[in-house]
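In TrEMBL this protein carries:
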ACT_SITE  383  active site, proton acceptor
BINDING   94, 133  FAD binding site
DOMAIN    2-88  domain 'Acyl-coenzyme A oxidase N-terminal'
DOMAIN    90-205  domain 'Acyl-CoA oxidase/dehydrogenase middle'
DOMAIN    235-398  domain 'Acyl-CoA oxidase C-alpha1'
DOMAIN    443-625  domain 'Acyl-CoA oxidase C-terminal'
């Protein structure tokens with residue numbers, strides 16, 4: 001569509017930004033329909049678009065939710081409509097007063113036996129649905145999560161906890177809100193202006209009983225509750241959203257490192273020691289490599305980890321659909337929650353590091369980096385708060401440690417190391433190297449063992465801290481756990497970094513050993529490992545598993561890796577094949593015309609259209625012309 005050049009985006013009003021996003025979305029949908037790609041993953045489309053797409057929540061969250069929670073009969077009716085955008089949906093769980101505490105949701109869902117309907121109500125101000133993407137202006141329907149209340153034969157109400165109901169909120173004729181629905185946009189945000197995060201209040205809105213998502217749980221016409229075979233199945237849809245967030249982090253971080261790397265080979269500062277007549281490229285300075293290269297390594301690491309996590313998710317969905325087998329769900333739930341935390345923090349940190357690496361020009365919106373960061377950083381608190389989710393991962397890992405201590409087998413691929421380390425005879429990394437005839441600390445197998453052992457030790461340390469706490473406060477488990485929330489963050493980080501590193505190494509091992517690509521990726525993998533190892537040295541030195549004498553060799557190896565990666569740096573980001581239009585950056589242009597583009601964009605901006613500023617006659621002229 002005719003949406004203008006990316007640099008013009010910064011001068012649009014909020015409404016114009018949203019209209020632009022709708023135009024891009026509409027064109028994207030036309031292309032999907034024309035090519036027969038309506039059921040294809042939306043990631044490939046979003047990867048190449050320079051716009052916040054309001055349909056993202058429909059394509060990823062809403063469709064993922066109904067595919068997970070709707071019955072086959074419901075899918076037969078709803079899915080064709082949703083795939084063809086005849087029904088545009090979103091996911092209304094978060095409320096003004098509750099986010100991470102799903103059990104505390106205040107929205108109510110009452111079954112009315114006489115009319116065979118559910119009545120959905122927002123009984124308090126804090127029960128207002130809030131922050132829901134796509135809700136403010138776009139969606140015609142929403143999946144509402146609320147407390148399900150049913151009457152027994154004596155008329156007594158029982159709360160069956162949070163359940164999901166599909167609720168129409170806007171007319172399919174003229175898009176106006178339906179009776180009993182109060183809906184709108186929540187207002188300006190730090191970024192993501194093209195997505196209409198909204199609020200919703202429902203005043204005793206009725207929907208048919210058949211609108212309850214009932215793949216696993218349902219209510220009979222008589223008002224009897226038919227419970228799911230496994231209560232956790234109701235939350236399976238959220239796992240898919242977190243898997244998407246982990247996969248999608250690569251999209252955003254790859255753009256940031258592309259901009260910073262390309263700019264750093266164009267930008268020259270200070271005369272070099274080898275050629276006093278020519279200024280050096282800033283990327284040739286070790287401190288600039290230290291700013292950028294670890295995030296290149298992290299970006300590739302997140303790419304492989306995202307693919308690994310996604311394949312686990314597909315396997316779990318197939319098992320649930322075929323035979324309602326949820327055996328993979330606990331492990332996937334723990335990993336998706338933990339990785340969502342680690343990866344979103346890492347991506348946000350990486351984008352900001354790239355902005356700072358571009359110096360003063362990185363502060364300009366024409367660099368593309370402030371907008372990229374502002375549009376991404378919301379995921380740190382979206383779909384699960386990053387200080388809460390690690391507790392779920394830590395609980396699962398502690399259960400696995402308990403199983404290992406009791407001699408029970410651990411079947412999860414990503415946590416089997418807990419059993420291995422529980423019975424390990426190696427008290428140091430040197431013993432491990434000697435037993436496996438490995439001569440260097442920087443062999444990928446050795447690095448993986450270090451991360452494996454570090455994670456195990458953090459899990460074991462937390463378990464011991466819980467035991468100590470319970471010995472003096474055995475009656476208040478919640479209090480003991482609350483005191484150890486920081487330890488849960490540490491456990492989560494250690495496990496997830498092991499998961500990422502293991503995914504990276506597994507992917508490298510699938511590449512022919514004699515190929516140049518394997519050598520390049522191996523350097524990046526080593527850098528990812530050593531960079532994170534150095535940042536958390538105290539955890540690796542715990543119990544003297546890694547010797548303090550290894551610290552300086554590790555730092556030397558990092559400097560060596562910088563030099564080895566430098567010749568490939570530009571190729572590593574060019575490999576992402578991100579078009580200039582998608583980057584929307586004067587600094588990250590493929591042709592290197594950084595300064596020319598900055599001048600053109602600045603000179604031609606609307607604010608410079610008139611040589612004399614509006615307000616001159618009213619404010620400046622009286623000051624300048626006034627008598628002393």
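Glycine is no exception: its Cβ is also placed from the backbone N, Cα and C atoms.
Everything TrEMBL records as a feature, shown here on the structure.
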residue	record	DSSP class
94	FAD binding site	coil
133	FAD binding site	coil
383	active site, proton acceptor	coil
Quick one: pull the CA-CA distance for residue 133 (FAD binding site) versus residue 383 (active site, proton acceptor), whole Å only.
11
Do you know offhand how many angstrom separate residue 94 (FAD binding site) and the residue listed as 'active site, proton acceptor' by C-alpha?
9
Average pLDDT across the domain 'Acyl-coenzyme A oxidase N-terminal' (2-88), rounded to a whole number
84
The answer, for which of the binding-site residues 94, 133 has its Cβ ringed by the most other Cβ atoms inside 10 Å, is 133
Within 10 Å of the Cβ of the residue listed as 'active site, proton acceptor', how many other Cβ atoms can you find? Include all protein chains, please.
23
